[in-house]
Amino acid sequence: RDLICIQSMDGMLMVFEQESYAFGRFLPGSLLPGPLAYSSRTDSFITVSSCRQVESYKYQVLAFATDADKRQETEQQKLGSGKRLVVDWTLNIGEQALDICIVSFNQSASSVFVLGERNFFCLKDNGQIRFMKKLDCSPSCFLPYCSVSEGTINTLIGNHNHMLHIYQDVTLKWATQLPHIPVSVRVGCLHDLKGVIVTLSDDGHLQCSYLGTDPSFFQAPKVESRELHYEELDIELKELQKIIKDVNKSQGIWPMTEREDDLKVSAMVSPKFDSVSQAADVEVGTDLVPSVTVKVTLQNRLALQKAKLSVYVQPPLVLTCDQFTFEFMAPEMSRTVAFSVYLKGSYTPSELEGNAVVSYSRPSGIPRVIQCKFRLPLKLICLPGQPSKTASHKLTIDTNKSPVSLLSLFPGFANQSEDDQVNVMGFRFLGGSRVTLLASKTSQRYRIQSEQFEDLWLITNELIIRLQEYFEKQGIKDFACSFSGSMPLQEYFELIDHHFELRINGEKLEELLSERAVQFRAIQRRLLTRFKDKTPAPLQHLDTLLDGTYKQVIALADAVEENQDSLFQSFTRLKSATHLVILLIGLWQKLSTDQIAILEAAFLPLQQDTQELGWEETVDAAISHLLKTCLSKSSKEQALNLSSQLNIPKDTSRLKKHITLLCDRLAKGGRLCLSTDAAAPQTMVMPGGCTTIPESDLEERSIEQDSTELFTNHKHLIVETPLPEVSPLQGVSE
């Protein structure tokens, strides 16, 4: 016959014989039901009560005890109707139990395993502890099973850290990672595969796994012994290394695979300004700020969900809307969004290039990102201006073709009243700065001059781009620009010093503001104590001190905000000057696109700098890395380790030294590359532009002996190579 025991939520045990109800008993002191197991050897039920102790009840005692249906009768009737329910044995474990399991194998006696919240116990039949183990993690399930060692029992214990531990008695034998938290675990045999571990997760996932790997019956064949020719092996090894090196150079780090894009993004900038400017409430001086419309089109090949479009332009340029979300895009669908761009600030941006980035997920769940760049027109931030005959900063760009009329290069900036001056053109930025562009008819040169060094960048870059587009339309492919003047590092260093000075001032102001805030809170506490005192006492001018401290806090907060605005503008000007220096270095040394990209990564690592991570220390670390790898003079320099932590420097002398040294190494034939096994640079005469900074006493002595060939101070950097004409405006018009 089959007997079934059911435990209810109120702690009642109900016993059924087949389908017939036999009897029901309430366990004494039961509040909530605990795990329950039956021991066939002792014919008893073992459970863990709400008192956090293991209790054992004989089946015979349960059968002859007072019936649960008569629980409401009087005590005298209850005593007369049956025996009192008595526990066989108890053991206090001091914690709630998750599960109970009773096992008995041939090589070991019957044991009662109890899994607690922090420990698991192994008990004898009479309730004595055989052993216990303190667990490091919160368990979720367990299973004792037969061990191959005589007298021991293996136990599988799963925990909430997605781990499954295998113990032999109290010794941890194995630990493995699971993809889920197991709520139940068993060991079985599936298709003649013994020892399969079956786990069930809380969301119903069933997993069958086993420990170890399949044995390999493969035996390696015996290799025929042959005589080794080491010279031939060396030759073959060198050939293979050369092939591998060539493949890495041609393909790069990641191999490029031809595939059809799931999404195509294109951007189109309107050739005309908006009829009604979106910058109606923005004023830059006395000028009206125009706006231009940009349209971004998305064409998808597959169905996409929650595609996000983000647009970024360089400040102080702003967008009317910079975030777009597409919840669903059907296959072969095209979506177009439009937004306007305008200038919001009295200074010029570092670039006129915008970037549209779309992030989406493929149907397989793989995230993808695609971007599209667009170029804004120069007239968005610049107006025609009056040319200036004198300027503090001048640059001369050489070309290998005859000069082109500036009217054909910049048709939107031509002054119709001065058609005869086709080789001179003036530009006026909306912020008020002026730049003059001059073209020589005889010497194939262009000169850009301005009162501000950073303002030269946009006009110089625009000139080179328009010259390249002009000659491409003419079918001329060998057009090239060059720069033979001295590198304007001194002007660049002045911008670096100004930016660094604002950072230091910001730190001082924040420290002072913190001190005043602490003082303000201390005075508040003193006043609060005086006001709470039952006995009135004089304030001793604490109110006056509080008012003065409050005014200082407000003034310092305003100073911090003003300094942050100045720092942001200074960083934008510094980025413009950095772009210009990189452009001039590329023209000076005729660097490739990859080498210019390395310079941009080293000089422009941050979109914005903060007090914690600023431009100076980041660029110094990047340039130091270049000087100690691809631009190093010896392997000794390559062995030097850089500091792993970036801190704000005390001054900019080290950074300026490294920038000058970088130009010096490039002038002597250094080659920028990402690989560390670059060939040693060839020594050549530097045409001028950077002062050599000694890196050791030996080098310093050699430089002193050679001081007649190289300039020895930075003042040479501000000397401009003059054009062969008489004056800036009259000479170029001959």
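Just so you know, glycine gets a Cβ as well, placed from its N, Cα and C.
The domain 'PTHB1 N-terminal' feature in TrEMBL is assigned to 1-215.
Feature annotation from TrEMBL assigns coiled coil to 223-250.
Per TrEMBL, domain 'PTHB1 GAE' is recorded for 289-374.
Here TrEMBL flags 377-484 as domain 'PTHB1 platform'. With DSSP classes pooled into helix, strand and coil, the tally for the domain 'PTHB1 platform' (377-484) is 34 helix, 31 strand, 43 coil.
The domain 'PTHB1 hairpin' annotation in TrEMBL covers 486-589.
The feature domain 'PTHB1 C-terminal helix bundle' is assigned by TrEMBL to 591-666.
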For a three-state summary based on DSSP, what are the helix, strand and coil counts in the domain 'PTHB1 hairpin' (486-589)?
92 helix, 0 strand, 12 coil
Across the domain 'PTHB1 platform' (377-484), what is the average pLDDT of the model, as a whole number?
85
